[in-house]
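Before I ask anything, here is the structure I am working with.
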């Protein structure tokens with residue numbers, strides 16, 4: 001506790017020092033005084049909250065037993081080489097031995113050696129996508145799963161982590177280190193990396209470039225397009241809008257993921273001509289119009305503004321098209 005009090009005093013001094021630095025503003029500054037005061041108090045409140053949270057968390061950890069780890073005598077936990085405070089350990093005694101870790105590694109190798117190699121070709125493919133399912137998200141889920149079973153959790157495995165073959169993919173855009181679900185859907189569905197906010201096109205098409213978007217040479221083909229060319233049925237199910245970035249990577253070619261209706265395109269660039277919105281591509285073009293299954297939300301983008309979507313909302317299209325009826329007419333024409 002004395003160590004924690006000392007750390008609090010040190011951080012409090014840092015806050016006071018920050019106050020001195022913030023108030024050292026030249027007289028001829030162009031920033032209004034109220035803006036400076038607002039910034040100052042916001043800075044002070046943020047630091048104070050952070051310090052109090054750290055202190056309370058440390059005190060709480062001394063009183064509450066971790067139900068998922070064997071509590072050991074207090075051990076030093078280092079924040080930095082010259083700084084430390086004590087917390088209760090959570091080490092299983094078995095993990096202190098060399099044999100335990102060698103056995104864990106041997107078991108994994110033994111399981112891999114026993115895996116039966118399959119050389120056959122899959123008849124069908126089902127792609128499951130957890131949008132935004134990053135490594136930290138999976139780690140948290142893995143630990144939570146273990147704790148639900150009254151285990152520590154770190155050594156647990158999710159169902160798909162037990163697959164005989166797994167791998168990682170680099171999800172970045174050509175023009176952005178951090179990917180969005182538009183360019184990433186192009187990557188994992190067509191094998192081609194593209195620019196951020198674009199779907200189903202190469203990096204020759206940049207965001208909002210409707211002229212380049214019209215060039216078929218810049219269009220990519222998705223897994224579902226290839227499946228149709230192989231004579232297979234195709235479709236998708238999503239918990240979001242069927243014209244959202246992730247599902248539209250199966251069929252659309254667009255310079256902007258938010259161009260889901262003609263009105264969206266017109267709002268961004270009234271001069272755009274000969275450009276199809278995402279909803280129109282799904283209902284009128286290949287491979288979208290050939291899908292046998294389309295399940296998800298977003299009925300409004302397929303209906304004109306005057307039409308009701310059946311759930312108390314009006315359509316959002318400005319071209320007066322009823323794309324749902326268009327899709328039904330197409331299916332009737334081919335006796336689907």
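Cβ coordinates come from backbone N, Cα and C, glycine included.
TrEMBL annotations: computationally assigned, not manually curated.
On a predicted model such as this, the values are computed, not experimentally measured, just so you know.
Pulled these features from TrEMBL for this protein:
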ACT_SITE  181  active site, phosphoserine intermediate
BINDING   131  Zn(2+) binding site
BINDING   131, 244, 246  Mg(2+) binding site
Between residue 181 (active site, phosphoserine intermediate) and residue 246 (Mg(2+) binding site), how far is it from one CA atom to the other, in Å?
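Computed Cα spacing between residue 181 (active site, phosphoserine intermediate) and residue 246 (Mg(2+) binding site) is 6 Å.
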Taking 10 A as the limit, how many CB atoms besides its own sit near the CB of residue 181 (active site, phosphoserine intermediate)?
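By my count, 21.
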Based on Cβ atoms within 10 Å, give me the single least packed residue among the binding-site residues 131, 244.
131
Where does residue 246 (Mg(2+) binding site) sit in the DSSP three-state scheme?
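Note: residue 246 (Mg(2+) binding site) is helical by DSSP.
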List, in sequence order, the residues of the same chain other than 131, 244, 246 whose Cβ lies within 8 Å of the centroid of the Cβ atoms of the recorded Mg(2+) site.
129, 181, 185, 238, 240, 245, 247
Long-range neighbours only, meaning 6 or more apart in sequence with Cβ under 8 Å: which ones does residue 246 (Mg(2+) binding site) have?
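Listed in sequence order: 129, 131, 181, 185, 238, 240.
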